[in-house]
Amino acid sequence: MSASATNGTHYEQLHQGRTKMYKSKVDVVLGAQWGDEGKGKVVDMLASDVDIVCRCQGGNNAGHTVVANGTEFDFHLLPSGVVNEKCVSVIGNGVVIHLPSLFDEVLKNEAKGLQHLENRLIISDRAHLVFDFHQHVDGMQEAEKGGKSLGTTKKGIGPAYSSKATRNGIRVGELLGDFNLFSEKFKSIVATHVRLFPSINVDVEAELARYKDYADKVRPYVKDTICFLHTALRNGKTILVEGANAAMLDIDFGTYPYVTSSNCSIGGVLTGLGLPPQTIGEVIGVVKAYTTRVGDGPFPTEQLNDIGDLLQTRGFEIGVTTKRKRRCGWLDIPLLKYTSLVNGYTCICLTKLDILDTLPEIKVAVAYKKPNGEKLDHFPGTIAELGNIEVEYAVLPGWQTSTEEVRNFKELPENAQSYVRFLESELSVPVRWVGVGKGRESIINVH
């Protein structure tokens, strides 16, 4: 056999080994709009059949509500899948963690019946820490902006990611290492922030004493999650990733600067967990049957009228994290086409269809136009351009009957089915599930 043939076979063997090294795939649940689409409920439904559920980015600025066995759980840092006692929950390296909030969240949910968390929660040693002074800075920066505030949650997420990007952040693993080194780094990062924000007051010694206690509390949960996840994939374990926030809040692809400080699109899954692209299986886009957003920023289909009020009231549109009323508007197809382009949805879960039950007609945005009437063939890249567009709507007939008790797609009113099919045809993405209520039992399997 010639050397070239041998080399070719050698290459093919190695190449085949690389392409077949994982026995399972990672399925991903991502918000397709501005958040609050109902991702937690979808994750809760899917988590009953998986081995591992992961958070990959964001912090306790996210808010997910899950109803399990009649009990309502609110999660901010913990993955929603933690209610399933058979699966392991992972907080990945891309997440920023405020330890006081994490342990408060654990206590509150344990009081509601969450059990045995110590055996099934894993935290990455590479995840960065959010400190109280990050939160103070967040509030101060928002206050300084006055009427031009970004509407952040003031949870310190942006300042913590800033510390990470400027390479003076502190990771969980450093808290668990030599505490003298941690103390030095902590004093250094405090000094930097005091220099930039002289009005913040940090009792360094008190904070160090507090974090010495947190080191002992968090130690049992901390692992190299990258190694853990790759081993799991090689062994055929099923993994589900729960994206926090949503595509239109992504630091790169969202309505910048009215965005969060992390990548909440598909790229953040890879960098936030240390996974290669070939591990990704299903990408499930969660779409609310109408559109909402919390805080400031452009919102082309917003309804500042009776329709907006009705959606807000019927949908109980109040932020889990901020307690602010959510702004409400019609479903936006150009926005969804854009986020589908970025994320590559393989299927969609449409949520809160029941909120539209009382409407005689329903509008859906189908195109954006420039002021001169010319249709846009792309999603605007600046808020100035987005704020200057006109929206073209399709008007669909409503169904004016309750869908809350329906559990079979074919039993939905014909016009409700048509609404779902319209979304499918516009996006060329199949709708796999439709939600018509709060609990996991209210999710209809379409196919």
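Cβ atoms are placed via backbone N, Cα and C, with glycine included.
As given in Swiss-Prot:
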type: BINDING; residues: 35-41, 63-65, ARG326, 352-354, 435-437; note: GTP binding site
type: BINDING; residues: ASP36, GLU37, GLY38, LYS39, ASN61, ALA62, GLY63, HIS64, THR153, ARG167, ASN245, THR260, ARG324; note: IMP binding site
type: BINDING; residues: ASP36, GLY63; note: Mg(2+) binding site
type: ACT_SITE; residues: ASP36; note: active site, proton acceptor
type: ACT_SITE; residues: HIS64; note: active site, proton donor
type: BINDING; residues: VAL320, THR321, THR322, LYS323, ARG324, LYS325, ARG326; note: substrate binding site
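Shown on the structure are the features that Swiss-Prot records.
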| residue | record | Cβ neighbours (10 Å) |
| --- | --- | --- |
| GLY35 | GTP binding site | 31 |
| ASP36 | IMP binding site | 28 |
| ASN61 | IMP binding site | 27 |
| GLY63 | IMP binding site | 20 |
| THR65 | GTP binding site | 17 |
| ASN245 | IMP binding site | 30 |
| LYS323 | substrate binding site | 9 |
| ARG324 | IMP binding site | 13 |
| LYS325 | substrate binding site | 14 |
| LEU353 | GTP binding site | 24 |
Practice task
Calculate the distance in Å between the alpha carbons (Cα) of ARG326 (substrate binding site) and GLY38 (GTP binding site), and round it to a whole number.
Solution key: 14
Problem - Spatial separation of LYS41 (GTP binding site) from ASN245 (IMP binding site) - C-alpha basis, Å - result: 14
Problem - Pairwise CA distance, THR65 (GTP binding site) versus ASP36 (IMP binding site), rounded so that it is a whole Å - result: 9
Exercise for the section: Report, in whole Å, the straight Cα-to-Cα distance of VAL436 (GTP binding site) from LYS323 (substrate binding site). Expected result: 23
Exercise for the section: Just give me the nearest neighbour of ARG324 (IMP binding site) among the binding-site residues GLY35, GLY38, LYS41, LEU353, VAL436, Cα to Cα. Expected result: GLY35
Exercise for the section: Please classify the secondary structure at GLY35 (GTP binding site) using three-state DSSP. Expected result: coil
Handout entry: Neighbour tally for VAL436 (GTP binding site), based on other Cβ positions within 10 Å of its Cβ
Key = 23
Completion exercise
Nearest to ASP36 (IMP binding site) by C-alpha distance, among the recorded positions HIS64, LYS325, LEU353, VAL436, is HIS64
Completion exercise
In chain order, residues whose C-beta lies under 8 angstroms from the C-beta of GLY38 (GTP binding site), counting only those at least six residues away in the same chain, are VAL286, LYS288, CYS349, THR351, LYS352, GLY435
Exercise for the section: Take the C-alpha atoms of LEU353 (GTP binding site) and HIS64 (active site, proton donor) and report the distance between them in angstrom, rounded. Expected result: 18
Practice task
Can you grab the distance from VAL436 (GTP binding site) over to GLY63 (IMP binding site)? Cα atoms, rounded to a whole Å.
Solution key: 20
Fill in the blank from the handout: Near GLY35 (GTP binding site) (Cα-Cα within 10 Å), the binding-site residues in question, chosen from ASN61, GLY63, LYS325, are GLY63
Problem - Integer Cα-Cα distance in angstrom, GLY63 (IMP binding site) to LYS41 (GTP binding site) - result: 12
